[in-house]
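Here is the structure we will look at.
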Amino acid sequence: MPAKFIFVTGGVTSSLGKGITAASLGRLLKSRGLKVAIQKFDPYINIDPGTMSPYQHGEVFVTDDGAETDLDLGHYERFIDISLTKASNVTAGKVYWSVITKERRGDFLGGTVQVIPHITNEIKARLLRVAEESDPDVVITEIGGTVGDIESLPFLEAIRQMKSDIGRDRVLYIHVTLVPYLRAAGEAKTKPTQHSVKELRSIGIQPDIIVCRTERPFSREMEEKIALFCDIDPDAVIQAWDADSIYEVPLMMQEEGLDSIVVERLKLNCGPAQMDDWRAMVAKLKNITRHLEIALVGKYVTLPDAYLSVVESLRHAGMYHNVQVDIRWIYSADLERGGLEQLQDVAGILVPGGFGDRGVEGKIIAARYAREHGIPFLGICLGMQLAVVEFARHVCGLEAANSSEFNPETPHPVIDLLPEQKEIEDKGGTMRLGLYPCRLQPGTRAHQAYGEEIIYERHRHRYEFNNNYRAELTARGMVISGTSPDDRLVEIIELADHPWFVACQFHPEFKSRPNRPHPLFRDFIGAACRRAGGGAG
């Protein structure tokens, strides 16, 4: 049976939760036995978010095949429990680049290249490519931005055309909008939703379902009012009120009947949703009473979305151990000016990835504090590199040790540029990206965590442990517990005489799931629980 297509658009304002809505629907449809593919279309002109500031975009999520993508793909993977590909994130930049390349090659035979049909055809081709690659029952596509944005218009026009291209019975439109609650008036207001749907209909898209983000539930009468003005069935007005945890949203959507309406409208052949495991997970999350505080020492701590997958991975591990992980956000540059008291009473310290030299010395201070005080430590990517620098300086006596990224003239470049990176000048899409194998050493904490010899993890880096210093550092107590299969690249280091000090070059946070925490996060939180007292859950 040909794939059915579901398009999720947003109105009134950004950050309403289109991604969570799409991910929740994907989870519900998968639980019905359907094969689900999902993708995000972003209307910005960047080719990908790889070179964008985290302050503007949040986290860059990396797929198995090395795509640098929008953070919503992390939600998709965690909720639906699938691994996505480069085809799952399409930007306006990629679309225009492809069309311009074809024009330069002469593919359009001298014709005038226009937004319609050339840009819209390219968008539709990328929509259909996902269906061709994975042969799903359903393809869910989230359109980034807000209806009314100039940048979104070609994407909206493309999805409008889809209903005539492949048939109205294979297409369904979901519009996520805002129903604000005005405390002064003591009621919710539907006017923003009405205007947003009017804008959407003006470009030829009639939504089948409206998902209303709201602070609190509203009346059936208000649902009927929205249905009347927006020309949909009252049962297709779905309320999505504020939840304590994003993992409650699929259950909320199921209760509101979202998946049932989708199945009915698209005539999908499937069974009822099997959400018992998810429901049990959420119930466990709600019943947690024990708290555990972890210090996250980073550069972008004023914008937690910059570390979204790390935060979610800590929560997954917390659920496993029956604790709520509370994060103490510490701006790494503050530690360079003192402020060590911020680290004194935490159960664990995590130093995540990052770029640039601002705050680097503060991260080194955090790694040293964890090493000297026996505090469980997890370093990720740059966090591993700086743990190596700290060890070289303060244990091996290489006082000027550094990464050549931050000091090209250092006499001891314990972290250096990967050989294959030395001639590369472009910044975008040129790092060591995606899934690579790693061989673990038996008897190490890493091997104990994974329980297997060969693992596969996602990477995003240019710099690597300098093997010229491997013998010197291991002689002083550093353990190389994971390497590339050819032993050329150091992937994981740990300390032998420490309760739990592990750092990895890859990004374990991208493979954690709410019902299956990543082994390193799981054991890190387990060690933190033991330090806090009471043992791991």
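Cβ from N, Cα, C; glycine included.
In the record from Swiss-Prot, residues Asp149, Ile150, Glu151, Lys189, Thr190, Lys191, Pro192, Thr193, Gln194, Lys225 bind CTP; the candidate from Ser14, Ser15, Ser24, Ser31 listed for the same site is Ser14. Annotated L-glutamine-binding residues in Swiss-Prot are Tyr55, Gly354, Leu382, Gly383, Met384, Gln385, Arg462, and among Glu77, Glu336, Glu399, Glu405 the one listed with them is Glu405.
Listed by Swiss-Prot as binding ATP are Ser15, Leu16, Gly17, Lys18, Gly19, Ile20; the candidate from Asp72, Asp81, Asp107 that the record includes in that site is Asp72. Under a cutoff of 8 A between CB atoms, and with a sequence separation of 6+ in the same chain, the neighbours of Glu405 (L-glutamine binding site) are Asp357, Ile415, Leu417, Arg462, Tyr463. Of the listed recorded positions Leu16, Cys381, Met384, the Cβ environment within 10 Å is emptiest of other Cβ atoms at Leu16.
Spacing of Gly354 (L-glutamine binding site) relative to Cys381 (active site, nucleophile) is 8 Å (Cα to Cα, whole number). Reduced to three states, the DSSP call for Leu16 (ATP binding site) is coil. Separating the Cα atoms of Glu142 (Mg(2+) binding site) and Gly19 (ATP binding site) is a whole-number distance of 7 Å.
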